[in-house]
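Below is one structure, written out as structure tokens; the observations come after it.
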């Protein structure tokens, strides 16, 4: 029962996105529950649709967002449990997804981008320093959020969340896409496969090549 209060803002976030204009294409039918069966005759948003006769309530159900994420498993002290179309088949064509974010003290969700979705974040516990950076001229918008505060991160812009408190923090985020995507800046730049030429990164970031080599080894 301890996690039940968290489900209320999650439901509110979901409702907010259903009445807004989502980034994904608007559906021309009630729903298209995904199925991993290429024999299906209907194909929408890159997913095959389940036969309406076989659809059940479980296709629109996902349990477990009351369970804290394992922040100890991350070097950054954060955990994100994203409920997108791959975990909840009924989300297909609905233009929405949801995530639970857990932070250990001073845990960080590092600078990243959702290329296909705007993010609406609500803090449930703790204190988070959040922000996003615009395209040129790269202006930073940042704010300290406490319990009950809400902040929006526009689609495609670099943003972050950092727990500046000495206790755990919890937040929920609604995203305006069934599959918003994730590009973590440091991972992409220094951990691509194959790696970006170190000379390119050294010049772009004005770093010594040895520093670039070190950073690439970390990822």
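Numbers run from 1 along the shown chain.
For all residues, glycine too, the Cβ spot is worked out from N, Cα and C.
The signal peptide annotation in TrEMBL covers 1-22. Per TrEMBL, disulfide bond is recorded for 32-49. According to TrEMBL, the feature domain 'Cupin type-1' maps to 63-213. The oxalate binding site annotation in TrEMBL covers 109, 114, 119. Marked as Mn(2+) binding site by TrEMBL: 112, 114, 119, 159.
Other residues of the chain with a Cβ within 8 Å of the Cβ centroid of 112, 114, 119, 159, the Mn(2+) site, are 113, 117, 132, 153, 157, 158, 180, 182.
Other than 109, 114, 119, the residues of this chain whose Cβ falls within 8 Å of the Cβ centroid of the oxalate site are, in sequence order, 99, 112, 113, 121, 153, 159, 161, 173, 175, 180, 182. Annotated pair residue 112 (Mn(2+) binding site) and residue 119 (oxalate binding site), C-alpha to C-alpha distance, rounded: 12 Å. Ranking the recorded positions 49, 109, 112 by the number of CB atoms within 10 A of their own CB puts 109 at the top.
Across the fold, the C-alpha of residue 49 (disulfide bond) and the C-alpha of residue 119 (oxalate binding site) stand 27 Å from each other. Annotation for residue 119 (oxalate binding site): same-chain Cβ neighbours under 8 Å, separated by at least 6 residues, are 152, 153, 159, 173, 174, 175, 176, 180. The Cβ of 159 has fewer other Cβ atoms within 10 Å than any other of the recorded positions 32, 159. Separating the Cα atoms of residue 32 (disulfide bond) and residue 109 (oxalate binding site) is a whole-number distance of 32 Å. Its Cβ placed at the centre, residue 114 (oxalate binding site) has 24 other Cβ atoms within 10 Å.
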